[in-house]
């Protein structure tokens, strides 16, 4: 086999060292890190901040007061209302040039701080799961033997494990997209409230998406915990076939 492809010995030693490091890290992740992390997330789910039953407690002040209605008279110093109003608006437009923006009378409109605090705790957990799954996936892939006829039952278990790890990675990445969509959707609604402060439905919609995001964040944490449980259980149950997919494994591994 060595005669078919010439490999630099120094490079080969570095690759072998990399394989050994990945193997050591992955086995430690499955044996120790996964069970510790699932217990940690299970404890996190029991914290008071994630067990609010009255969702009105997570509502935030919009900080956008409803302005007083404008009273228009039929005449003003000999000018009728519409003409005078138009003249005043024309004068203002001439005095102030540039891009028009909505004015926030009470300063910057902040995000829902309670949800932001939860999100800032959840995002590192999502990233951590993606990174650890990637390491374990690489380990299992490196254990897959070369393709040949014979008993490939163990190989199919390896491939199913890799597929499950890849699915977990994709689902975890989708959680990050979900968080981004929440911020974008809320920002658009707040802009609508600034433009149409008298429309109550916009204000109610903001509280609705805040409540929905709170429920979604709790579900995300629950899913992260469950994924650690599932991966730990699946790999431990099939560890023999994952590490030795064939009886003649010593001769068929790369």
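Glycine is no exception: its Cβ is also placed from the backbone N, Cα and C atoms.
Since the structure is predicted, the reported quantities are computational estimates derived from the model, not experimental observations.
Annotation comment: Swiss-Prot describes 2 as N-acetylalanine.
Cβ neighbours of residue 17 (phosphoserine) (same chain, under 8 Å, six or more residues apart in sequence): none. The feature phosphoserine is assigned by Swiss-Prot to 17 (among others).
The phosphoserine annotation in Swiss-Prot covers 24 (among others) and is backed by similarity to another entry. Long-range Cβ neighbours of residue 24 (phosphoserine) (same chain, at least 6 residues apart, Cβ-Cβ under 8 Å): none. A helical conformation is recorded for residue 24 (phosphoserine) in the three-state DSSP classification.
The annotation N6-acetyllysine is assigned in Swiss-Prot to 195. Within 10 Å of the C-beta of residue 195 (N6-acetyllysine) there are 10 other C-beta atoms, taking all protein chains into account.
Under the heading phosphoserine, Swiss-Prot lists 247 (among others), citing similarity to another entry as support.
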